[in-house]
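**Student:** Pasting a structure here, questions to come.
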Amino acid sequence: MRDTMEILRTENIVKYFGEFKALDGVSISVNKGDVTLIIGPNGSGKSTLINVITGFLKADEGRVYFENKDITNKEPAELYHYGIVRTFQTPQPLKEMTVLENLLIGEINPGESPLNSLFYKKWIPKEEEMVEKAFKILEFLKLSHLYDRKAGELSGGQMKLVEIGRALMTNPKMIVMDEPIAGVAPGLAHDIFNHVLELKAKGITFLIIEHRLDIVLNYIDHLYVMFNGQIIAEGRGEEEIKNVLSDPKVVEIYIGE
């Protein structure tokens, strides 16, 4: 019987780049309100998998389901309407615009990078309700004092928080995050994951790729390990996750990296 808490699942996802099989029958399940982490060496297929899930790549075989609806190969902008949003390893703020404007721009072309919003200067919404919502999100992220700062003047970690803020403007059910603390100082990295836990408590689900296990392990509920385009290990809960990370085959691929 399928887990009634499941919000996302993939079934036997296959993705080719030419003759190279980047994903080889990948099946995962993500429960509602969980923080699920995918790890693996570079080139193991992690980014390809989340690109398929979020519509930035098309699967060659297999299906993706969200809340039991088939969302396979839908465009990112379509997935916004299902409540799925994505943050990127390299933040993509509009650097000439303020922090506040960057949050408001997400309401124009939801599900797309703001860099694709050709008419953003003309169409930035100024309705009081949207501005109030943006300020509440900035306060939550401890960025309200920077609301009028140009995004190009922010630190890398602050830009990552702006990415999260833009995602929150869409009232997401699930946020898919690609290395949210890459290159971020440890203190701010913990701040970011503390925000993740606060959002989890509000019912938001997270699917995350991240290499910095020393920081993230205390924040996750579910772990998948990928290698050569396949899931090679899985653990749910603290004890199972510890067992996975001490598994000789998992240790070997990380030592070999």
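Cβ coordinates come from backbone N, Cα and C, glycine included.
This is the feature table in Swiss-Prot:
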BINDING   GLY40, PRO41, ASN42, GLY43, SER44, GLY45, LYS46, SER47  ATP binding site
DOMAIN    8-253  domain 'ABC transporter'
**Student:** For LYS46 (ATP binding site), what is the tally of other C-beta atoms lying within 10 angstroms of its C-beta?
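**Tutor:** Total other Cβ atoms inside 10 Å, all chains included: 25.
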**Student:** Can you list the residues of the same chain, besides GLY40, PRO41, ASN42, GLY43, SER44, GLY45, LYS46, SER47, whose Cβ falls within 8 Å of the ATP site's Cβ centroid?
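**Tutor:** Here the nearby residues are THR48, MET226, PHE227.
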**Student:** Averaging the per-residue pLDDT over the domain 'ABC transporter' (8-253), what integer do you get?
**Tutor:** 89
**Student:** Between the binding-site residues ASN42, SER44, SER47, whose Cβ has more other Cβ atoms within 10 Å than any of the rest?
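**Tutor:** Per the Cβ count, the most surrounded site is SER44.
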**Student:** Between PRO41, GLY45, which of the binding-site residues has the fewest other CB atoms within 10 angstroms in the structure shown?
**Tutor:** PRO41
